[in-house]
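What TrEMBL records for this protein:
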TRANSMEM  A:12-37  transmembrane segment
TRANSMEM  A:64-90  transmembrane segment
DOMAIN    A:69-280  domain 'ABC transmembrane type-1'
TRANSMEM  A:102-122  transmembrane segment
TRANSMEM  A:134-151  transmembrane segment
TRANSMEM  A:158-178  transmembrane segment
TRANSMEM  A:198-218  transmembrane segment
TRANSMEM  A:230-250  transmembrane segment
TRANSMEM  A:262-284  transmembrane segment
Ligand SMILES: Nc1ncnc2c1ncn2[C@@H]1O[C@H](COP(=O)(O)OP(=O)(O)OP(=O)(O)O)[C@@H](O)[C@H]1O
Ligand SMILES: [Mg+2]
């Protein structure tokens, strides 16, 4: 299958899909880049004109940018830590022959199938509401005051919700990896005098490194663009407390109707995502080519 | 020092009675081989001794102390697994050193022990490699190295050579025997390979359905099997079992004659037969024959003999090599 003719055939056959995919990516990107150099506000149509890098200057010097950059990194970092650690613990538990394991597995996976908006509404109205929420009710059982989650700990609340949403994904990937761990290896370690903790750190964790890498890379891609949970619950507030880059771009474009500024923000977000991606691939990507 | 004694060791998985009760004595320094058909409980018995399975009942004494409820590491035994079970993310050095590290040995002691084990096993050039970059035989040696450094009371091997090709298996067999002669440590070795059992063992334990059928030196089992199962299991090709008139002549229910204990003639003899298939191996010839009125038999003749399909031959068993069995399959004294 590697003669010159077959290589050429392969290229010709795959060309249409590659071209479509390329256009699919390049056209919107090109337009966004183009818009980002225009003064382009939907409230004053017809006044579009080339303003160079002015949009970028405004976006990058806006205090909201640094606040939202911090929020984005905090959100991504915290959710990654929670889901990876929680995923390993739950995976270890579900890997044991415990009673009702089948049902438990189903329950653990379930949140992944709930769409983010619904997820956010459930947390906001049924669980975290300071008056009628379940957490408030539980607090009242102990005679404690209810916490107004979205006012007092807005970013934490978002982190909790998003973690809940992504934990199943981590569990699923890590559980599969755990199940592929050779029983003999654990037994050999046992014969070598390793206790459960040593087995975890010397045998299980290294075995999981590739799966953890996959979880971190894939989750990062999606977590950089968390939007629905913020939109439905806090609307980016109070103040800028829960505004991430994705939400900031949205406020620019659709609340201030500033297409030029939003495009500049979008491009900045793309560049940031690439920086994070390069950083991650450098850091942990080597785990993938074993 | 490693004398191991099993007293009424029992193992059940749920309702499945895998080991109904085994008594066994293994002396210090002995090379003991467990053989038996697939599923007879060899691995289970070995894992019970290792502590990887809990006994349902009974005692396991190592040097006189009952360890049946001790953790595997506390028993001072080393195990070599069929799958090698090397730690894939550690170098060969760290694989071998792992047990010592867990035991809290100092860096210098570990270094010294690993190096000396590597030297015995010809692994010195591979210490910095990962198991993934080794051949099957080298991996096997790493697994053995990991077992050696802990200086165990006994080594346990579960079919360690079954993943190797025939030539390498012969090599490793000799290496393990050599290792035993050098270290003089007790070894328990599980296999279903006849040749391994016969060539390596000081003592063979034949198991069937979790029961010990016979324990003895290889030649003892070959010459004096106590029952039909052992007689059929030890020796290759299998012993021929003949009943009917011929057995009556020897005053028993059935007689057993090994394929190599016949004299073959084309002129005269006790049992007339017709050759069905002749397998010529050069050094010897296997004849699969149909004996008149007795059914199919296997005969092993030395050297090349010019016989083929449909040839008429006569077989004469060596009289003092005939085994006699009663209706329960137990061996009777030689006639
Ligand atoms: N964990 C287990 N649960 C239930 N049954 C088991 C378990 N382990 C082994 N058995 C059963 O115990 C019996 C003996 O198994 P064992 O692995 O000891 O056989 P073996 O003699 O080593 O066979 P082989 O030569 O094929 O390796 C088998 O019938 C097997 O199905
Ligand atoms: Mg086995």
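Backbone N, Cα and C atoms are what each Cβ position is placed from, and that goes for glycine too.
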Among the ranges A:134-151, A:230-250, A:262-284, the one whose Cβ pairs under 8 Å to the transmembrane segment (A:12-37) are most numerous: A:262-284
Contact check, the transmembrane segment (A:198-218) vs the transmembrane segment (A:230-250), 3+ Cβ pairs under 8 Å, seq sep 6+: no
Among the ranges A:64-90, A:102-122, A:134-151, A:158-178, A:262-284, the one whose Cβ pairs under 8 Å to the transmembrane segment (A:230-250) are most numerous: A:64-90
Cβ-based contact of the transmembrane segment (A:102-122) with the transmembrane segment (A:262-284), 3 or more pairs under 8 Å: no
Candidate ranges A:134-151, A:158-178, A:262-284 - greatest C-beta contact count to the transmembrane segment (A:64-90) (under 8 angstroms): A:158-178
Chain residues outside the transmembrane segment (A:262-284) and at least six past its termini with a C-beta under 8 angstroms from it: 29, 32-36, 40, 55-56, 58-60, 65, 69, 72, 76, 212-213, 216-217, 220-221, 224, 245-246, 248-250, 252-254
